[in-house]
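In Swiss-Prot this protein carries:
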BINDING   Glu83, Glu87  Mg(2+) binding site
DOMAIN    29-160  domain 'Nudix hydrolase'
MOTIF     67-89  motif 'Nudix box'
Amino acid sequence: MDTSRLTLDHFLSRFQLLRPQITHETLNQRQAAVLIPVVRRPQPGLLLTQRAIHLRKHAGQVAFPGGAVDSTDASLIAAALREAQEEVAIPPQAVEVIGVLPPVDSVTGFQVTPVVGIIPPNLPWRASEDEVSAVFEMPLAQALQLGRYHPLDVYRRGNSHRVWLSWYEHYFVWGMTANILRELALQIGVKP
């Protein structure tokens, strides 16, 4: 599938037609969720954040809004929506949730469920200075081009795992964020 002319309608029909399949068993027990905010435009965008540099974990990394499930969250989707509101001021009622991707294990011990949602283009996104240093929009068609991701095999604690690397403008996109974007591309039928 060629992503260069990807429209929102095409993305939605492909995502809803090809249901995600869980391909591996997750190992982590602690639950987290992220929102993959697709901006409603004829040529859709993807909202990403850069985490604040002072954070203990993943400082300065490009990420989706999200975080750990807490006791007030009714579901993984509720957790993703709450975190998106806290981090970038996206009101939960403004998100049209279209589905979830299979959970992925993080190196920090979380099982992370990506929640895909459509958001209006005119939201006044605002970064929470406590957690986010920047909010930016990337064209979804570019984010879903598999050729932009480069593999790096990392050996950690006697185990090997593959990390994906990419760039957008001056942002370095890698790790779980790049992996989730690749999985989303594969989910809608982009061929490697």
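Keep in mind that glycine also has a Cβ here, set from the backbone N, Cα and C atoms.
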Overall pLDDT of the domain 'Nudix hydrolase' (29-160), taken as the mean: 89
CB contacts for Glu87 (Mg(2+) binding site) [other CB atoms within 10 A, all chains]: 25
